[in-house]
Number of protein chains: 2
Amino acid sequence: MNTSVFAHGPEAQTADVAFLQDFETMSGFGATARGGVDRQAATAADIAQRRWLAGLLEAEGLRVEYDRIGNQFGLLEPTPGAPYVLVGSHMDSQPTAGRFDGAYGVLAAAHAAFRLARRWRASGETPRFNLAVVNWFNEEGSRFVPSMMGSSVYTGVLPLEDALETRDRDGVSVRDALAGTGMTGDGDGPSAACSAEIHIEQGRLLENGGITIGLVTASWAASKYEIVVEGEQAHSGATVMADRRDALFGASLLVAFARRLADEFPGVLHTAVGKLDVYPNSPVVVASRVSLLLDLRTPDEGVLAEADARLAAELDRIRAEAGVDVEARLSHSWGVNPYQPEGVELARRSARDRGHASTEILTVAGHDSINMKERVPTVMLFVPSVEGVSHNEGEHTRDDDMLAGLDVLTDVVARLAAGQLNPEEAA
Amino acid sequence: MNTSVFAHGPEAQTADVAFLQDFETMSGFGATARGGVDRQAATAADIAQRRWLAGLLEAEGLRVEYDRIGNQFGLLEPTPGAPYVLVGSHMDSQPTAGRFDGAYGVLAAAHAAFRLARRWRASGETPRFNLAVVNWFNEEGSRFVPSMMGSSVYTGVLPLEDALETRDRDGVSVRDALAGTGMTGDGDGPSAACSAEIHIEQGRLLENGGITIGLVTASWAASKYEIVVEGEQAHSGATVMADRRDALFGASLLVAFARRLADEFPGVLHTAVGKLDVYPNSPVVVASRVSLLLDLRTPDEGVLAEADARLAAELDRIRAEAGVDVEARLSHSWGVNPYQPEGVELARRSARDRGHASTEILTVAGHDSINMKERVPTVMLFVPSVEGVSHNEGEHTRDDDMLAGLDVLTDVVARLAAGQLNPEEAA
């Protein structure tokens, strides 16, 4: 088959310019003064951007629909009745985030679909599968926990009702936040035959290696803990120190332990506490309760087991030193989790055919494709992040890397639409 | 002069029952399920309670008025034109607080005024000064920082406009919170000649010594720091550990240091971090900014100097270990700060005359009387706290201790109203 889509010439240049212009427009939604974005799920900026995306998709002849959790789909249906190649990412962001995380992948998916639509119209070719561009709802999880909410509901990992009842810190539920936006539907979304996602690396490996395309082979193993430290309220001045059971002291010991633990496994253990809430959080009250989320991530399952054990032992030590109760619940746990090797090979061929250097890479961060690959054959691609900076307003990916990624993604999606990852009998 | 006010007999019993009944009623405002209260400044519960107090004061013939920051005064004016003995405390509370902190002192002040009003009516006696029962606005500072706001404005320590523009975490200003309550006035409140406050100890010394009345001689020395730790946002999974500048890690090292520092000065150094806020506080983002309030308190100014120096050195160590910037601003600093010795002697005589054991004691916690004593002669009394528990729903003071405190306070106020702390030439 011919996978050369706008390989060269003025038409290709026009398509690239169109992508970059749309990327610029897109980055205006929720733009921050320091060059980043703030588009937390179902906020005004997120909704406005989704409305803009719907218009963009419709202008190119795609039909826009939503499922019950607010995932946004742009459907291109050259083959009525066939299942879909789902290709996309998410456009919501952290509170002060970069312009590229997620949003690049959705716009690249849209433009890949636009290019293939033109190509199929021009050639009269009928692909085996239809295309669905997807903008997953609430991947970031900063306003509504958990993250990867939309793809988790779509893939059946998270019950719809649980997701809709999730509340932000002001008590607003997902259901209420989506009500009146016109961005929920009655169905469960298009039926997927296979899927693809492209994303910025959020690390330094591609940049350090001078390589444009990452072929994601697996996700790191991880243990995610929800931890509650319980002490007792007391006057922060008057209460004698020996009587205090300070939940914030206990929590602080835990944060410091987690950071230092990573140093014992250099390069193969990432640890973090990003979210920590203090109650009552008053200047003159010893805290009675601190809740926090602690992550351990590693490409080595043996290291994970060791880190889990070290953490459990430390909790006992902290209970004793701070006189607090500590409850740790393992909320998520997974091993090193591979993508289908056939998808990695397919992507390798696409990169080679399009003339871009590629390398296998693991993903440390979670992505919606991690949910999708449990259901259907899934390809995950990375493009370089300058200096690995991410979840930061200074996040950056160069234009030529974005365009190379779009070029390879378009080729991958063409192959997926042709059924290269789906044996004929499954059709 | 005769300082025996309802010393015995059925009339005294009736007055004591009335106080305990009022205390019970008062504790219903903002009552929590576990026996405490939640009456943060200018919330519905605080306003409702103030309305109730106004009714109680007016029913006994006091005139209720407010100053521009919402301090509530109940005026008893047997001597028109004379300045006032200001006697009271605060009725606002921490989010989950005890029933006694502050509220006991306001109600005791009100009942002391009721008793003296009856006595003066019965005897025809005209005191040198009038009486003003005061319920200071926002002593706790949990909703609006700083604490002791109302008395700070009254005494000129805090500009009125700064106080009115202070905002809670939802962005509501003090001005807006008070608007429409009818609880602000046009003036600066009654002119004080001297003042008194009674409060629960919030420590164990009185209980351990079997002593009913604490004669507060001074407040502990203190350094209060506003600290901001600045790191850089990063992906909490993908970013390599060596690239992270984790503000929460830096802040946690500081919290742990502060707690352990206290153990190096057993009994003479209290340290605390009660309030700590993380930004952006998302599960998957390394925090870029943590702000926290750190207190050092001690009865020994030498220890304070040493603790300040140790803290400064630790900040340098933390900057290096966590790769963060740390800015520490000394927002409040004071030495061991005495109450007027003549006031302590006056209170000692009152306690002895009323038949209650007393002892000198320092206050570790801040109180509105610390502001007042900088302006006028001021007496501060303590009654015991069971097991020293405070800023906790389990806070408790026994009925007989509350009644003994009221009895002594009444005697103290009678002496103050007679001018015992004010030389005649100042009248």
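Using N, Cα and C of the backbone, Cβ positions are placed for all residues, glycine too.
Per TrEMBL, the features are:
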type: BINDING; residues: B:H90, B:D101, B:H199; note: Zn(2+) 1 binding site
type: BINDING; residues: B:D101, B:E140, B:H391; note: Zn(2+) 2 binding site
Want to know which binding-site residues, from B:H90, B:D101, B:H199, are within 10 Å of B:H391 (Zn(2+) 2 binding site) at Cα; which are they?
B:D101
If you measure between the CA atoms of B:D101 (Zn(2+) 1 binding site) and B:E140 (Zn(2+) 2 binding site) and round to the nearest Å, you get 10
Return the single residue from the binding-site residues list (B:H90, B:H199, B:H391) that has the minimum number of other CB atoms within 10 Å.
B:H199
Beyond B:H90, B:D101, B:H199, what residues of that chain have CB atoms within 8 A of the centre of the Zn(2+) 1 site's CB atoms?
B:S89, B:F100, B:G102, B:A103, B:Y104, B:G105, B:V106, B:E139, B:I200, B:H367
Ten-angstrom check, please: count other Cβ atoms within 10 Å of the Cβ of B:E140 (Zn(2+) 2 binding site), all chains counted.
28
A Cβ under 8 Å from chain A is found, among the binding-site residues B:H90, B:E140, B:H199, B:H391, for B:E140, B:H391
How many Å separate the Cα atoms of B:E140 (Zn(2+) 2 binding site) and B:H90 (Zn(2+) 1 binding site)?
8
